[in-house]
Amino acid sequence: VVLLWLVAFSECIVKIPLRRVKTMRKTLSGENMLNNVLKEHGNRMSKISFRGSNLTTLPLRNIRDLTYVGNITIGTPPQEFQVVFDTGSSDFWVPSDFCTSPQCIAHVRFRQHQSSTFRPTNKTFSITYGSGRMRGVVAHDTVQIGDLVSTDQPFGLSMSEYGFKGRAYDGILGLNYPDKSFSEAIPIFDKLKNEGAISEPVFAFYLSKKKLEGSVVMFGGVDHRYYKGELNWVPLIEEGDWTVHMDRISMKRNVVACSEGCEAAVDTGTSLIKGPRKLVNKIQKLIGAMPRGSKHYVYCSATNTLPSIIFTINGINYPVSARDYILKDSRGRCYTAFKKQRFSSSTETWILGDAFLRVYFSVFDRGNGRIGLAQ
């Protein structure tokens, strides 16, 4: 045990547990009770330290049981925020205290006048996501993720926000490459890497299934206890984006999409599996899903009979069973995790979000330009 502890300590792995929490509307009956709990505890976080490791347990508020968030702090003294660790974007931002959009007011906002290490700039930027858009300014301050501390870290403060319906987090911490940054600020992972604060330029995700606790994002190494077998390494199409080549998507030994190969972005900031409209519609039809609003619904009993959908990447099959690609909404109705992309592309592109990453442990290796996947 002592030897294992020393090995773990020498790797300087920083692990941040992420808790996946059921919708509070499922747990608390009565609108007044829910509102009182949100008012009193909505964005506060408790920390639990574990001997011999750097772990922080995070209580989460998750409206659809799909979003994984962890806590970071900004400023001196530290102000806590719940953020999504997003491999699909590069910018890190939280709401500003000067933002008056309803989306900002509903979340924790950064109070810059309370931080002695805050440094403002005049640089502005804007970002459009699949779920909403924001406009903000770049600022600098001390940011802490677990035991990792970045001083004078550039980050964004949103001055206005639109969309982000049902958002269960305060801000977004981008983990994509620097070239993808809209603010042109150095991402926090790159700054920590360049300063030698991270022993290895890698980070990894373990996203739990149907468990409130246990999900982890780790920086600086890989804890092998979180996956089975060997990691299958997939080279990036090009260094600068977490996108790989996918061979095909099949069901019942029939190719249903990506028939001539395609691109697949591995995105922890996306809840579902997204693809081109025609191909997603084809899969929905094969599943027997019926459209209703923005979702495609199936009978919940069908989960036991529907076949797995297999994503073949770099010659390796990654099946996702119906119990993983069929989800439940707040009313207990079942819908599929497949969704049409809002933005068209000249090449066939898929986004493998949390519905895929709950099944497969993922390692993002900046040093070698590759992604590792394992059960």
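Using the three backbone atoms N, Cα and C, a Cβ is placed for every residue, glycine included.
Remember, predicted model here, so these are calculated numbers, not experimental data.
Feature list (source: TrEMBL):
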type     : residues  : note
ACT_SITE : D86       : active site
ACT_SITE : D267      : active site
DISULFID : C99-C104  : disulfide bond
DISULFID : C258-C262 : disulfide bond
DOMAIN   : 68-374    : domain 'Peptidase A1'
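Mapped onto this structure are the features recorded in TrEMBL.
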{"residue": "D86", "record": "active site", "contacts (Cβ under 8 Å, 6+ apart)": "I172, L173, G174, L175, N176, D267, T268, G269"}
{"residue": "C99", "record": "disulfide bond", "contacts (Cβ under 8 Å, 6+ apart)": "I105, R109, L157, S158, M159, S160, E161"}
{"residue": "C104", "record": "disulfide bond", "contacts (Cβ under 8 Å, 6+ apart)": "P95, S96, S158, S160, E161"}
{"residue": "C258", "record": "disulfide bond", "contacts (Cβ under 8 Å, 6+ apart)": "M246, D247, R248, I249, L279, E348, W350"}
{"residue": "C262", "record": "disulfide bond", "contacts (Cβ under 8 Å, 6+ apart)": "H245, M246, T347, E348, T349, W350"}
